[in-house]
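Listed features, source TrEMBL:
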DOMAIN    11-213  domain 'YjeF N-terminal'
BINDING   Asn60, Asn61, Gly62, Gly63, Asp64, Gly127, Ile128, Gly129, Ile130, Asp131, Arg132, Val133, Tyr138, Asp156  (6S)-NADPHX binding site
BINDING   Asn61, Asp123, Ser159  K(+) binding site
Amino acid sequence: MEEKAITAEQMRHYDSFTINTIGVPSLVLMERAALAVRDEILNAYPLNLGHVVVVAGSGNNGGDGLDVARLLHIAGVKVTILNVGNPDHASEEHRVQDHICQYYQIPQTTDLAILDQATLVVDALFGIGIDRVVKGDYAAAIDAINASDAVVIAVDMPSGINTDTGEVMGTAVKADVTVTFAFNKVGLTTDAGKEYAGRVAIADDMGTYAVDD
Ligand SMILES: NC(=O)C1=CN([C@@H]2O[C@H](COP(=O)(O)OP(=O)(O)OC[C@H]3O[C@@H](n4cnc5c(N)ncnc54)[C@H](O)[C@@H]3O)[C@@H](O)[C@H]2O)[C@@H](O)CC1
Ligand SMILES: [K+]
């Protein structure tokens, strides 16, 4: 049977149905997403994690990244958060995750030079919310991730890849592994998407349900 792959709009519909109709809180979905990324990292790189740098945008993909940062920190891993974008635009869930990370005193920076110290990068800049060409600080962060020697784990989508077409939106993260949530995404099944995603791991125990109404 061919694996189901969906668009950004379908994923938003499923998330919205799960949150608003079934009643699973958004932060519960985020926690399950982050747990899946944490498990992928701890299972694939159990002995030599070194210094993990989580590159976080200000939306919910960044919120996932902050959640992963906290879970790795609790597991005893050295973690630094690299914030990119305007904190005034942070999503509600991102603000909650940021508050928790501050409680745990996880180091945070906006200086791309931290990537020189990274042995593993968690790419949490953009997920299915990407809707335009990447420029400025975001493009600089993506290029810096690609210039580093670190292993790169992308959260949901490699940042810069169009969820529906796999097109590179100006520039995009080249990942070793992409952990995508609930279902595969159409963009990850195209030649360009596959090249940037690396190995695609589908975290399907998300509590997100495909209800076609
Ligand atoms: N409750 C939910 O909706 C869940 C969302 N999840 C995560 O949230 C992601 C989607 O989050 P968001 O909808 O906040 O979107 P993203 O976090 O993907 O993007 C954030 C925002 O960036 C802006 N943007 C788009 N393209 C840009 C560009 N080229 N340059 C600058 N800004 C740009 C958009 O306004 C977008 O909303 C998913 O991919 C997944 O990782 C998961 O936590 C599971 C639950
Ligand atoms: K990402």
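Glycine is no exception: its Cβ is also placed from the backbone N, Cα and C atoms.
Feature map: annotations from TrEMBL on the structure.
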residue : record                   : Cβ neighbours (10 Å)
Asn60   : (6S)-NADPHX binding site : 26
Asn61   : K(+) binding site        : 25
Gly62   : (6S)-NADPHX binding site : 31
Asp64   : (6S)-NADPHX binding site : 30
Asp123  : K(+) binding site        : 31
Ile128  : (6S)-NADPHX binding site : 25
Ile130  : (6S)-NADPHX binding site : 23
Arg132  : (6S)-NADPHX binding site : 7
Tyr138  : (6S)-NADPHX binding site : 22
Ser159  : K(+) binding site        : 29
What three-state secondary structure does DSSP assign to Gly62 ((6S)-NADPHX binding site)?
helix
What's the CA to CA span in angstrom from Gly62 ((6S)-NADPHX binding site) over to Asp123 (K(+) binding site)?
9
Do me a favour and check the Cα-Cα span between Ser159 (K(+) binding site) and Asp64 ((6S)-NADPHX binding site); whole Å is fine.
13
Using Cα coordinates, what distance in whole Å links Arg132 ((6S)-NADPHX binding site) and Asn61 (K(+) binding site)?
16
Between Asp64 ((6S)-NADPHX binding site) and Asp123 (K(+) binding site): CA-CA distance (Å):
10
Can you list the residues of the same chain, besides Asn61, Asp123, Ser159, whose Cβ falls within 8 Å of the K(+) site's Cβ centroid?
Val55, Gly57, Gly62, Gly65, Ala124, Leu125, Phe126, Gly127, Ala154, Val155, Asp156, Met157, Pro158, Val173
Among Asn61, Gly62, Asp64, Asp123, Ile130, Ser159, which binding-site residues lie by ligand 2, judged by Cβ under 6 Å to any atom?
Asn61, Asp123, Ser159
On the three-state reduction of DSSP, what should I expect for Tyr138 ((6S)-NADPHX binding site)?
helix
Per-residue pLDDT averaged over the domain 'YjeF N-terminal' (11-213) comes to what?
95
